[in-house]
Amino acid sequence: MTDTNVQRTLVLVKPDGVRRNLSGEVLRRIEAKGYTLVALELRSATRELLAGHYAEHEGKPFYEPLVEFMLSGPVLAAVVEGHRVIEGFRSLAGTTDPTTAAPGTIRGDLGRDWGLKVQQNLVHGSDSPESAAREIGLWFPGL
Ligand code: GDP
Ligand code: MG
C-alpha cells in the first residue's frame, strides 16, 4: 500500500553541532529511525539566507544573537524524507530549551544553554509542511 504520509523536512545541524563533531550522531539518529537522506551539504550560511530562514523571529530579543550564532561556523543542511518526518524529526530533536528537553532527544541529551546568548540546541527541524516547503526552497533551490 502506498504511504500517503511521506513528507520531506529541512534539518540543520547548527554550528555548535558541527563544531562539537556531533553531525554524525545526529545523522545516525535520523537514519536509525528509518528516515532517508535526500540531500546533504556542509555549507556556510549567509545573512540573507538566515533572514529568510528565521523571518518569523525578526524583532525578537534572541534574533540577532541567533543570526550571529548561525554565522559562527559551517552548518550541515539536510533534506530528510519519511513517514510523518516533520513531526517525527521534531520529536527526535526534543523541545527548544535544552535544559528541559526530554532525555533521549538530541537536544535533551546533547544541547546546551548555560552562559550563552542563544540556546545552542544543535539542530533545526521544519515545524509544518508549509515551513518545510519554504525552507527546502531556501536551502536547496534546485530540489
Ligand atoms: P525551534 O523551532 O525549536 O528551533 O525554536 P524556534 O523556532 O522558536 O526558535 C529558533 C531558535 O532560536 C531556537 O532553536 C533557539 O536556538 C533560539 N531560541 C528560541 N527561543 C529562544 C529563547 O527564548 N531564548 C534564547 N536564548 N534562544 C532562543
Ligand atoms: Mg522553529
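Quick reminder: no glycine exception, Cβ is built from N, Cα and C everywhere.
On a predicted model such as this, the values are computed, not experimentally measured, just so you know.
Under the heading domain 'Nucleoside diphosphate kinase-like', TrEMBL lists 6-143. When pLDDT values are averaged over the domain 'Nucleoside diphosphate kinase-like' (6-143), the model yields 98.
Cβ neighbour count for Arg90 (ATP binding site) (all protein chains, 10 Å cutoff from its Cβ): 18. DSSP assigns Arg90 (ATP binding site) to a helix. Taken from TrEMBL, the feature ATP binding site applies to Lys14, Phe62, Arg90, Thr96, Arg107, Asn121.
Secondary structure at His124 (active site, pros-phosphohistidine intermediate), as computed by DSSP, is strand. Around His124 (active site, pros-phosphohistidine intermediate), taking its Cβ as the centre, 21 other Cβ atoms fall within 10 Å, counting all chains. As annotated by TrEMBL, active site, pros-phosphohistidine intermediate applies to His124.
On a Cα basis, His124 (active site, pros-phosphohistidine intermediate) lies 15 Å away from Phe62 (ATP binding site). Summarised by DSSP class, the composition of the domain 'Nucleoside diphosphate kinase-like' (6-143) is 59 helix, 30 strand, 49 coil.
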